[in-house]
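J.: Sharing the features that Swiss-Prot gives for it:
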{"type": "REGION", "residues": "1-207", "note": "region 'Precorrin-2 dehydrogenase /sirohydrochlorin ferrochelatase'"}
{"type": "MOD_RES", "residues": "Ser132", "note": "phosphoserine"}
{"type": "REGION", "residues": "220-476", "note": "region 'Uroporphyrinogen-III C-methyltransferase'"}
{"type": "ACT_SITE", "residues": "Asp252", "note": "active site, proton acceptor"}
{"type": "ACT_SITE", "residues": "Lys274", "note": "active site, proton donor"}
{"type": "BINDING", "residues": "Gly305, Gly306, Asp307, Val310, Thr335, Ala336, Met387, Gly416", "note": "S-adenosyl-L-methionine binding site"}
Amino acid sequence: MTANVLFPLFANLHDRAVLVVGGGKVAERKTEALLKVGALPIIGAPSLTASLQHWAETGRITWRQGTFENSWLQEDIWLVIAATDQPEVNHAAARAAHAQRLFVNVVDDIALSNVQVPAVVERGPLRIAISSGGGAPMVARYLRQQLESLIDDSWGRLTTLFAQRRDTIRARYPNIEARRRFFETQLTGPLQRLLRKQRHAEAEAVLEAALAETPPTGSGSVTLVGAGAGDAGLLTLNALRALNEADIILYDRLVSDTVLQVARRDAEQIEVGKSATGHSVRQEDIHSLMLQHARAGQRVVRLKGGDPFVFGRGGEELEFLRTHNIPYEVIPGITAALACAAYAGIPLTHRDHAQSLCLITAHCQSSLDTLDWAALAQERQTLAFYMGVAGLPTIQQRLCEAGRAETTPFALIENGARAQQRVLTGTLKTLAHTAQTYAVRPPALLILGEVTTLAEHLHWFGTAPLSAPCPPALIL
């Protein structure tokens, strides 16, 4: 065991005197942290920052004006923090503290310190401390930033709820194993989900019911999660959380393997995909699966490509769940138009080219027949057609008939935001020919409008856009 291995320890400094040697910005940050935990900071320095001066004038801190003196340690000090930019002063404070067997932290000096102040993530009473032992503080700070984004405020509220009922929980579950099982159930059950939704009163009722052994029936739930267009890196933090808490994942055919790989390993994954050529799983059967597993008390994730509310039938599924009193939540995803355009270097709106964006589903002939083609033929707008590979000849014909210029540029993005991404460009006149020449297959998104010309020099992901030569029959 090496000498610099630290023992993790949280200290109660409430109403305890802590000497901070230094009056600059670093000392100010340390003092602010001490004030948050109710400590009694004594600041020793010739001068103070404006904030430290204000705290001294308002009685929040005590100021010992001058250069460090050993007598400053004769005030029932519990901890010493040396935070000056003068090594000789820091050394003097550390030597004096060591002589009196006090804990001392010298900022950025491992050798002189016998305690380190860690990087901290705070959520109410919940505190997570990270330390590199003083050897690599930037690593600790980086990890803190990662945790800050992963741990939401609901964990602080949950900690408070448990703390308020600590004695009740211990009395109800005197056996430590039974108590552990109770906590595990609450940490992964509806209580936490309600807190995330800011439904605090309902969360308290759930906890009280659990303690009274009358948990509400049907405690399972369904979460509609947008999986984005393919790249697992585009999942939101809430989507990752839901996938890691799921018991059952009902996923669409177009959800990528890389997304499924980040899910909880022991979750059951069931494909419920559809295709343009035929429905492999009926929507009614998907409804039944959600209902069956939620009523069994399981956490169901309905994982959809893109965003659940953009051509994903998410609204229908929520209406069904509401009718059957199944708790639900929705986690949005990056819809295909946004992801594919971004990965192809195409701004969907642009001051010089397009002031509006229209998202269109083209998955079957009946969908195309109901569109207002005259409106879609207007200039200075971007059109994004979803699920339109089979309907490309019809799209080309109807837009041209409605007056959209044959020279209108397009980009056809196959496997957008995935390693296999391919971007094909051309003009409306050559749309169907380009798709046939390159044997385009779903998933593919059609973006039509002047903005697509920017892909030629703004592309950054994968290979450069391709363009099929115009056949003689199409040349005027």
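Here the Cβ of each residue, glycine as well, is placed from N, Cα and C on the backbone.
It should be emphasised that the depicted structure is a prediction, and the values quoted were computed from it without experimental measurement.
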J.: Reduced to three states, what secondary structure does DSSP give Ala336 (S-adenosyl-L-methionine binding site)?
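T.: Note: Ala336 (S-adenosyl-L-methionine binding site) is helical by DSSP.
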J.: What residue among the recorded positions Asp252, Asp307 has the most other CB atoms lying within 10 A of its CB?
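T.: Counting Cβ neighbours within 10 Å, the top one is Asp307.
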J.: Write out the long-range same-chain contacts of the residue listed as 'phosphoserine', meaning residues 6 or more apart in sequence whose Cβ is under 8 Å from its Cβ.
T.: Val139, Ala140
J.: Near the Cβ of Gly306 (S-adenosyl-L-methionine binding site), how many other Cβ atoms are there if near means within 10 Å?
T.: 28
J.: Which residues, in sequence order, are found in the same chain with Cβ within 8 Å of the centroid defined by the Cβ atoms of Gly305, Gly306, Asp307, Val310, Thr335, Ala336, Met387, Gly416 at the S-adenosyl-L-methionine site, excluding those residues themselves?
T.: Gly228, Ala229, Phe311, Gly312, Gly333, Ile334, Ala337, Ala339, Tyr386, Leu445
J.: Far apart in sequence but close in space: which same-chain residues, 6 or more away, have a Cβ under 8 Å from Thr335 (S-adenosyl-L-methionine binding site)?
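T.: When sequence neighbours closer than 6 are ignored, Thr335 (S-adenosyl-L-methionine binding site) has Gly226, Ala229, Gly306, Asp307, Val310, Leu359 within Cβ distance under 8 Å.
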J.: Please report the distance from the Cα of Gly416 (S-adenosyl-L-methionine binding site) to the Cα of the residue listed as 'active site, proton donor', rounded to the nearest angstrom.
T.: 19
J.: What subset of the recorded positions Lys274, Gly305, Ala336, Met387 lies within 10 angstroms of the residue listed as 'active site, proton acceptor', using C-alpha positions?
T.: Lys274, Gly305
J.: Give me the CA-CA distance between Gly305 (S-adenosyl-L-methionine binding site) and Lys274 (active site, proton donor), in Å, as a whole number.
T.: 11
J.: Which one of these binding-site residues has the most other Cβ atoms within 10 Å of its own Cβ: Val310, Ala336, Met387?
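T.: For the binding-site residues Val310, Ala336, Met387, the Cβ with the most other Cβ atoms within 10 Å is Ala336.
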J.: Specify the secondary structure state of Val310 (S-adenosyl-L-methionine binding site) as given by DSSP, simplified to three classes.
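T.: Going by the DSSP assignment, Val310 (S-adenosyl-L-methionine binding site) belongs to neither helix nor strand, so it counts as coil.
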J.: How big is the gap, in Å, between the Cα of the residue listed as 'active site, proton donor' and that of Met387 (S-adenosyl-L-methionine binding site), rounded to a whole number?
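T.: Between the alpha carbons of the residue listed as 'active site, proton donor' and Met387 (S-adenosyl-L-methionine binding site) there are 11 Å.
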J.: Report the member of Gly305, Gly416 (the binding-site residues) whose C-beta atom has the most other C-beta atoms within 10 angstroms.
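T.: Max Cβ neighbours within 10 Å, all protein chains included: Gly416.
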J.: Return one of helix, strand or coil for Asp252 (active site, proton acceptor), based on DSSP.
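T.: Asp252 (active site, proton acceptor) sits in coil per DSSP, no helix or strand.
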J.: Consider each pair of residues in Gly305, Gly306, Asp307, Val310, Thr335, Ala336, Met387, Gly416, all listed by the record as binding S-adenosyl-L-methionine, and report the largest Cα separation in Å as a whole number.
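T.: Value for the max Cα separation, rounded to a whole number: 17 Å.
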